[in-house]
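> Submitted below is the structure of interest, expressed as structure tokens.
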Amino acid sequence: MGTAPTNKTPFRLAELKYKRKDQPLDLSDVLDLSDVEKLPEGLRRVELNLPRQEAVVETGWDIAENPVAYEYERAPGLIILPNVLPPRTQRTLIRKTLLRDIAKPYNKGNLTPFYPFIPGGLFAAAIATQQQSEEEQTLDLVQPLQDHLKPMSVRELLEKKLRWITLGHQYDWTSKTYPPSPPPPFPTDIALLSSRLVSVLPSSTHTWLAQTAIVNFYSPGDTLSPHTDHSEPNHTAPLLSLSLGCSAIFLMGRETKDVAPLAILVRSGDAVVMTGKARMGFHAVPRVIEGTCPGYLGEVGGQGEGEDGWVEEFAGYMRGKRVNLNVRQVDLDVDEA
Ligand SMILES: O=C(O)CCC(=O)C(=O)O
């Protein structure tokens, strides 16, 4: 029997394949770069621009000592740096976004139009309610800003409703533009880490500046639809994407959905950078894989224990989450620092 014709694009077919829950997840066509002994055909190692140690600008962040990067012929321009963020760096990034960045009222998110800003931040507020009984929590519900929504506890908002916040330039999802007014500050430490990562890429001939980031929060079951990121006036500056927590399947396609995308397993600590042709390519996250959060995030013990403030509240949250930092330059030109 032949295959029934379909009017679905190759991108859509790939998306559906990894979304479906009625069959075991088939990873046989998924590129997994966590342990590459022999380079599969079509995969090439990318020569990085690693400055001599003494020339490294001190950023205060650890990145892998000898990062490796790959590019696959089916996704030209997509540079994959597996395991480039050590556990400690991952923990610090998560803590900073959950405790600090989320607590700044100017960093808007998907909840902003619907629920009031929680002073001190949603994560800290949810931790504070941990000792409360369920009864006490129902007395403390957050009242929605729109009548059709229901009051919710800070814990429910954090765990079930928070999907993203924006750092730096605040993208306007209605007009699909970045407002011309001066943006709120982009966190300097995250900008330094991002620049350091982008600076090792071979194409880094121009200054690159982290000016905006979407911090995506996913639970297993959440997906991100295929899209291109074209609202930044600069369509050539690389887009840096950092994965933390549970693993996910990331689909990288071309400028049209008529070409089958490459499926990549992105794990905690991986970076993918969309450069060149990949910068304007369709991409999506059809699957976040349950139960794959590494132990150093999902538990309190291990590296950095006691020193980096990684307490049960963070471990408990990350056990079931994937956090993605999607960092971009907005302006056409940026000044040399
Ligand atoms: O979560 C990811 O890996 C990708 C996120 C993304 O594409 C976006 O925020 O535009």
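Backbone N, Cα and C define each Cβ position, glycine as well.
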> Out of His169, His283, which does TrEMBL tie to the same Fe cation site as His227, Asp229?
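Given His227, Asp229 bind Fe cation in TrEMBL, the matching entry from His169, His283 is His283.
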> From the centroid of the CB atoms of His227, Asp229, His283, the recorded Fe cation site, which same-chain residues not already listed sit within 8 A by their CB, in sequence order?
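Everything else in range on the chain: Pro226, Thr228, Gly281, Phe282, Ala284.
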> Taking helix as H, G and I and strand as E and B in DSSP, count the residues of the domain 'Fe2OG dioxygenase' (209-331) in helix, strand and coil.
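Split by secondary structure, the domain 'Fe2OG dioxygenase' (209-331) comes out as 16 helix, 45 strand, 62 coil.
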> Using the structure shown, find which entry in His227, His283 (the binding-site residues) has the sparsest Cβ neighbourhood within 10 Å.
His227
> Using Cβ atoms only, which residues of the same chain lie under 8 Å from Asp229 (Fe cation binding site) while being at least 6 residues apart in sequence?
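Once residues fewer than 6 apart are set aside, Asp229 (Fe cation binding site) is near Leu239, Met274, Arg279, Met280, Arg328.
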